Amino acid sequence: MESLLSSSSLLSAAGGGLCWRKQNLKLHSLSEIRCNSRKVVAKPKFRNNLVRLNDGQESSFLLYPKHKTRFRVNATTSQPEAFEPNSKRNTLRDSIDAFYRFSRPHTVIGTVLSILSVSFLAVEKISDISPLLFTGILEAVVAALMMNIYIVGLNQLSDVEIDKVNKPYLPLASGEYSVKTGIAIVASFSIMSFWLGWIVGSWPLFWALFVSFILGTAYSINLPLLRWKRFALVAAMCILAVRAIIVQIAFFLHIQTHVFGRPVLFTRPLIFATAFMSFFSVVIALFKDIPDIEGDKIFGIRSFSVTLGQKRVFWTCVSLLQTAYAVAILVGATSPFIWSKVISVVGHVVLATTLWTRAKSVDLSSKSEITSCYMFIWKLFYAEYLLLPFLK
């Protein structure tokens, strides 16, 4: 990250007084500027650049962006504490922003929507929609989110060097989080997740957390016989197992058996949801590596995008999703309920058409466009979970 001060003034202290000196100044990601033998340290943050005098005296500088390409320098010689309120607010905002990026929000949204959707598949009558249902959903969502943060956090801890190439905006790759901070976060969230799953007393929920923990650890951690993400097929199977099978079946059974106290029953909507999300999970597993091909090649990750090429994997993903949508349209058309037929058929036709239109417009030579399309695939993933409860 670079910051540019064009024709700006560098403020320096000399003989107890303050003077201005005109010059052009270019700051790199971490640089030191010496002015009249006094050292100024520039330490850019993700959104803010802080410049301070490092000589133990009271003079200090605060450098921060006013616009994207303009910066303002404020100085004080005797009241540096005047900047503390803004500094504290900026620090809090930066901390929240860093954790937001660390948690990989698109996976958080997917986890919440999937559990909500699957939970409502267990609803058989209006009276089932009660505080008891929402309490059970809340238990599952909170425990699953904490496990989700453990999994994505561990993946970042294992991929710091790769992410410096593929995803330099992530907190560990950018240096905003130290490795110790990352370890503390993932350890804390995994412990809290298991603790909540245990005290709730739902075996489907606890086993969902446990299996997710095992697969998420084996997928990322760099130990002998592990780090399964190195092997394209095994990596895809890990994601499929969690996103397609565990989420659908385990969280459905959590509501069906623990919350409602009913016997185990695999319903038509549940079977369809599991089959459909198997397709979708494979697509996500394949597509996520398309924009990361550069770093994967450097560090020996043999993803399908590396071995088969971006274009072939891209259109394979599109074809798989179109096939899944075609099956969903047929299943929706066989529903005994008119309202279910209309919502399922029309909804999936719209999604399939939108996907095809977007796919044709993607420039596969542009990493930013591929990444944008990948995030669009996640939006289709969210939309599918909004449609699933209407399939009867």
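Each residue, glycine too, has its Cβ placed from N, Cα and C.
Listed by sequence, the residues of this chain that lie at least six past the ends of the transmembrane segment (105-123) yet keep a Cβ under 8 A from its Cβ atoms are 129, 133, 136-137, 140-141, 144-145, 148-149, 152, 243, 247-248, 251-252, 254-256, 259-260, 267, 269-270, 273, 277, 375, 378, 381-382, 385-386, 388-389. Feature annotation from TrEMBL assigns transmembrane segment to 105-123 (among others).
What TrEMBL records for 132-157 (among others) is transmembrane segment.
According to TrEMBL, the transmembrane segment annotation covers 177-198 (among others). Residues 98-99, 102, 139, 142-144, 146-147, 149-150, 153-154, 156-157, 160, 171, 205-206, 208-210, 213 of the same chain lie 6 or more positions beyond the ends of the transmembrane segment (177-198) yet place their CB under 8 Å from a CB of it.
Annotated transmembrane segment per TrEMBL: 205-225 (among others), in sequence order.
Residues or ranges marked as transmembrane segment in TrEMBL: 231-253 (among others). Long-range contacts of the transmembrane segment (231-253) within the same chain, counting only residues at least 6 positions beyond its ends with a Cβ under 8 Å from a Cβ of the stretch, are 110-111, 114-115, 118-119, 121-122, 140, 144, 204-205, 207-208, 211-212, 215-216, 218-219, 264, 266, 270, 273-274, 277-278, 280-282, 284-286, 289, 302-304, 307.
Taken from TrEMBL, the feature transmembrane segment applies to 265-287 (among others).
According to TrEMBL, the feature transmembrane segment maps to 313-331 (among others). Residues 272, 275-276, 279-280, 282-283, 286-287, 289-290, 304-305, 344-345, 348-349, 351-352, 355-356, 359, 362, 364, 370, 377, 380, 391 of the same chain, all 6+ positions outside the transmembrane segment (313-331), place their C-beta atoms under 8 angstroms from a C-beta of that stretch.
For the transmembrane segment (132-157), same-chain residues at least 6 beyond its ends with a Cβ under 8 Å from one of its own Cβ atoms are 102-104, 107-108, 111-112, 115-116, 119, 123, 163, 170-173, 179, 182-183, 185-186, 189-190, 192-193, 196-197, 200, 202, 205, 208-209, 212-213, 216-217, 219-221, 229, 251, 254-255, 258-260.
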